[in-house]
Structures are given as C-alpha cells and as structure tokens.
C-alpha cells in the first residue's frame, strides 16, 4: 500500500515534462546528478549552524557591539502588581480604556498609573538592542559570505530545461543555504519577533520547499540564481540594522539607500522579469505544462508576493528618510514606548500612599490627555 502510494506521488509524469523522468538523474558517464538522499545532510548542517551561531554571537557579535558603541538605555520595570500582571498575561497586553478604568478601581491606582504600568510591562518584554545587534550581525555575516560564494558557484547562466551534471561547489552551496534556512525556521521562536512574523514564516517555508524541489528535479541553475539574487540585498539590510543599533545614523542611512536600490532591482526587476519569466515562459516552448512546472513557479510567485509586500515597507521607510529624518526606522519593529516625567507615581507607591492622609500631594487625575500607547 505504502509502496504503491509512493510510486503515485513520485510518478515521472507529475514532476517532469514528457520524455523525462527520475531515470535521467542517475549518475552516468562520469557525470554526477542531484540525489534526493543528499537533502538529509541539511539536518546536521542546520544543527551546526545553531551551535556556530551561539559561539559567534558570544565571541564576535558582543565584542563588535561594544566596539561600535551599542548600548541599551536603562529600562524602568513595572512594579509588582498581581492584578495587572494577571490581566497582562491572560487577557491583553493592550487593554481598552474601559478595561483600564476597571483595573484602576480594582487596584486603587489612577488611570494614568495603570496605563504607565502596561507601557513599562510591555517594554520589559521587548528585546534589547544588543540582542537585535547580535542577530543582525550573524545574518549579515552569513548573507555576505553566501553572496560571494554564489557568485563563485554561478559558472553559467543556463536555467532549467536541460539536465546539467552536478558540480561539487553547487552541492555545498545548496546544502549550506538550505541548512541555514532550516536553522532560521528552527530559531524563529527565540529570534526577535517583528510585525511581519507570519510573512517571515511563509518565506522560510517557501524558500526551503523551493530549494529542496529545485535540487530534487535538477533545476540547480535556476535555484542558484534565485539564492544569489536574494543574498545580494539581504546582507545590506542586516548591516544597515547593525549601524542603526550602534547609532551610526549617516552610515545607516547610506547603506539603507543602497539596500533599497539593490532590493528593488533584484527582487522586483531581475527576479520576476528575468528568472521567473525564464522558468515560466521558456519551458512552455519546449514542453506541455505539468504539475512540477506549476509547483515550482507557484513557489516563485509566493516569494514574489512577499517581495512586493516588503517593498511597500521599504518605500515607506524611504519616504520617512527623504525629508531628512535622523535615522531610518525598521517598519517591522515595535518601537519602545516612552513615558512623561510628570506622570503620577507608580502603582506600588500609589498603593502605599492611598492609605495615608494625602496621595503624594496630588489628586487622582483622569486620562484627559492624548498619549499614543
């Protein structure tokens, strides 16, 4: 039963054009072709990346952060309050005004104090600038090395349609890239979560599927070009983040401008109008459409939609940058919330003071001012 199901799933007519099949990918005449079993090597490679990353962040990223002057401002923690903590963890981190007023009555704190407690509590959960720098420096290092490795591997520009023998450099390029993306998918739970978290997950899954499939059916020329086009812009973005966290504003703005230009050229021009056009249009002049054709190009379209989504975010940052803003802010990042110096004391102090004759010499104020939370 399982054997029959496997034969149906991996039937030649599903994954290959007419006249071709898995038999064409068997080594012959001294030529080596991709082997599906090779993909198992990406699992230990991904595990190695996870270990190497921890070592890199401790031995390279942290000293580099210190050298560049990356530092976190002191955060004021939220005072212990069981009622507010319970609401924060079980109900919402962003309570509505009606909920704030109800919590104010339960705790004996003013509305402003409850609002400030939630701001401080949310800030406690936000990743530190050093953590962001460590993550960016790790990705910058890999993407930079991968980009130049891809240039070295790309020996000719033939894409799809013909069966090419596998080169050792292509084997290692594929295995390392795929292992890296698997490690990103594994570590995504502990990495800095941004507003495009779901899109990042979709991107990682689609990339892993695309790289794996292109390996299985020997679309290695197309796969190599796709990975190279992606790495061309990624290392610029990560380096811009690094200088952003270090406070090097002019350097960050300059690199970000370069990144925006490279991203638009590679992801919105080269990829759709050259690579996707070649993988989608050219094969139809030689073969009838087949499932593998639609599957491969479907994954390409998923990535392209994500590129358009990110291009919109990039352009929004460019718009903020052009008028002369001090620094380009990552649209995907949550900004740390600030608080005014003239606000009431915290809830813990309030809880103690309300039992006395006066409350810090102030009356309890309602939230009549507008403040972005």
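Cβ coordinates come from backbone N, Cα and C, glycine included.
Per TrEMBL, the features are as follows:
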type	residues	note
DNA_BIND	86-129	DNA-binding region
COMPBIAS	336-346	compositional bias 'Acidic residues'
COMPBIAS	356-373	compositional bias 'Polar residues'
DOMAIN	84-128	domain 'Homeobox'
DOMAIN	131-323	domain 'TLC'
REGION	330-373	region 'Disordered'
TRANSMEM	140-159	transmembrane segment
TRANSMEM	171-189	transmembrane segment
TRANSMEM	252-275	transmembrane segment
TRANSMEM	295-315	transmembrane segment
> So, by DSSP, how many helix, strand and coil residues make up the DNA-binding region (86-129)?
Replying inline: 32 helix, 0 strand, 12 coil
> Over the domain 'Homeobox' (84-128), what is the model's average pLDDT?
Replying inline: 80
